[in-house]
């Protein structure tokens, strides 16, 4: 089989590179993304490796670029992203990049420091301006020039004696003026009162405009205050309190003329500072705009350089210190492509010695590599989420492309809801280039966009099953005309809720609806659910048994590919016989019942004589004698049924000890005869050697490194799991019926309780009501029936594939192939840096 159905064949190679050509060759391999290097220095500390200094230089360059990026985002400057990935720079270009980043960082830091100093000076002058204005008002009030004062802006913290002395007597008072954060003002007042024992007089007024903190850039609210006191001791105490509350004190002249002159000088300096600040901001923006044009490309270049040196640290040096030795896993089909990449790297470096690539023999299990494209990638991710496939075992992803959306659609079957989902998936597919270039940080959106092809197929398949169910937003399409002719009048049909469709009467034309269900069932309230229950329940069992049989067939291809004769004879054959003779036989009984029994028939083949499949199956397994039935009905559906059922059960039961004991006993027999030598635990068998080279040994025991007791235990666990799992897994597929019925009923409830109320209104007012009701119905339909029900059906479908299907053949014990790829490294680095930024 091709690589689509199995993982790629891998090979371990040893690579010899000249020191001067190693960088260029690794760069070419990184662009290719097809080589996974092994660490040949696992015991060497990361700080003791050869290229640790180059890695540190790259870290320092990344730090500078992150600083530039933070400043650019702070100013909301758009960063250009052409979508192109520049090549990794040569080692000599690192010096130019370092110099460029150093110059930009120093220039930007100097501009920021100057701007911060200017802003701090501007803040001080602005605060001084407000102090001079507010204190002028305070002094005017004190001199009696203003007859009213704003009580909310002032508060005196002095005793009556001091207040009387202050206003009536010629007392010489000192004062200090300053600015304090508004939220600290109440505590500041209390501290002044307690520390100075009420012997100070405080006046304060809010600064209406916001002030900018020069350090953080935040907007702060401040208030101006002036404190009057008497004596040097109080002056020292007041200044210490101001210092403790981080209040800023400013000089304030006592004479009004001096205050006016100072205010004029402050305004002149503020105007000059505004001009200088504007020029500084313009220069800063020019620097950032120029850096924003190349920032994305710089990030890519630095990350590629860093990735190359990280990879080179995995290599070994030969004795002469002139050659680097590497070991790498390579897909066998891409050897020629890798040779060409190494040749290009050698030519770029100017080396005259070509690299050497030698294939190695190894006992190590190779990594698993499934080649994907944008369509199959999402389906492969569903499989890998369960477990990475064991090397070269059957890959379920190609079959999941069909079975996953189909089983989802069986549960979600509605033409209208499927169309909504399909259109959403189609929109993402049509716009995928533009949407992929946006690179949003929303995790939910990234999940939707990554699974756009799954969503589209789920919607298309749901439209198909919706046509089969003849269900569109809980209503039906009457395309071909109903094949029922009801003889009742309209009033009887509408008023009588207990009428049932009876196929025995002449109401049924005895010809089935050409495609899907007859639309008459949508209005058959009495027996609609009974009919759909029987239909969907049997369909779910039929699909489930076929799905499980297909999973067992997949195990056949695994056994034959790995030449595992024991598992083929003593596992696959009894498992298939057990499944066919019990559960597939039950499926055959359903088809026999559908084909043989009818409401139009009379006698033993009438619908009333049809036996229950479930009761028949239970009696068959328990060897019970069926209860007699009245004439002309018969217990069995066909002649010899009891004999065949007895044989089927006996053969199925005989398969259980074969699955349980046959394989371990044969392994024990081979070991006693000396055909297979046991290998100590932890070592690797010859089979694994052959697997690593793409060659499978014939007739070799895959359990030769295990103890016999472990083999018996494992075989017993697998047998019990398969036998009991066959019953539980078959019942598990009934979720197809349950969720389909729940989805249809929920859609019908939403129609009857919401939209139908708007359709009953008339006139222009009814149009308004219908618009509002339709909007509510559409929101509930999208939110509940499409999103929530869709997620529920998706998870149930995922479980059916992981547990019921893949457990029949899929081990999932491998490890993923992780090649050295610039594309994935740059993408992961970008997403992690965005997360850190948030």
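Just so you know, the numbers here start at 1 and follow the chain as drawn.
Yeah, the Cβs are placed from backbone N, Cα and C, and that goes for glycine too.
As annotated by TrEMBL, coiled coil applies to 51-128.
Here TrEMBL flags 401-429 (among others) as transmembrane segment. Under 8 Å from some Cβ of the transmembrane segment (401-429) lie the Cβ atoms of residues 376, 379, 382, 435, 448-449, 452-469, 471-474, 477, 539-540, 543, 547, 735-736, 739-740, 743-744, 747, 781-782, 785-786, 789-790, 793-794, 796-798, 800-801, 805, all in the same chain and six or more residues away from its ends.
Residues or ranges marked as transmembrane segment in TrEMBL: 449-469 (among others).
Counting same-chain residues at least six beyond the ends of the transmembrane segment (539-557), those with a Cβ under 8 angstroms from any Cβ of the stretch are 1, 394, 396, 399, 403, 407, 410, 568, 571-572, 575-576, 579-580, 583-584, 586-587, 590, 726, 729-730, 732-737, 740, 800, 804-810. Taken from TrEMBL, the feature transmembrane segment applies to 539-557 (among others).
What TrEMBL lists as transmembrane segment is 572-592 (among others).
Beyond the ends of the transmembrane segment (604-623), by six or more residues, the same chain brings 503-504, 538, 582, 586, 589-590, 593, 596-598, 629, 632-637, 645-646, 648-649 to within a C-beta distance below 8 angstroms of the stretch. The transmembrane segment feature in TrEMBL is assigned to 604-623 (among others).
Per TrEMBL, the feature transmembrane segment maps to 643-662 (among others). Under 8 Å from some Cβ of the transmembrane segment (643-662) lie the Cβ atoms of residues 569-571, 574-575, 577-578, 581-582, 585, 620-621, 623, 715-716, 718-719, 722-723, all in the same chain and six or more residues away from its ends.
If one looks beyond the transmembrane segment (764-788) by at least 6 residues along the same chain, the residues whose Cβ comes under 8 Å of a Cβ in the stretch are 414, 417, 420-421, 473, 743, 746-747, 750-751, 754-755, 757-758. The transmembrane segment annotation in TrEMBL covers 764-788 (among others).
Long-range Cβ contacts of the transmembrane segment (572-592) within its own chain (Cβ-Cβ under 8 Å, at least 6 residues beyond either end) map to 538, 541-542, 545-546, 548-549, 552-553, 555-556, 559, 613, 616-617, 621, 637-638, 645, 648-649, 651-652, 655-656, 658-659, 662, 722-723, 726, 730, 808.
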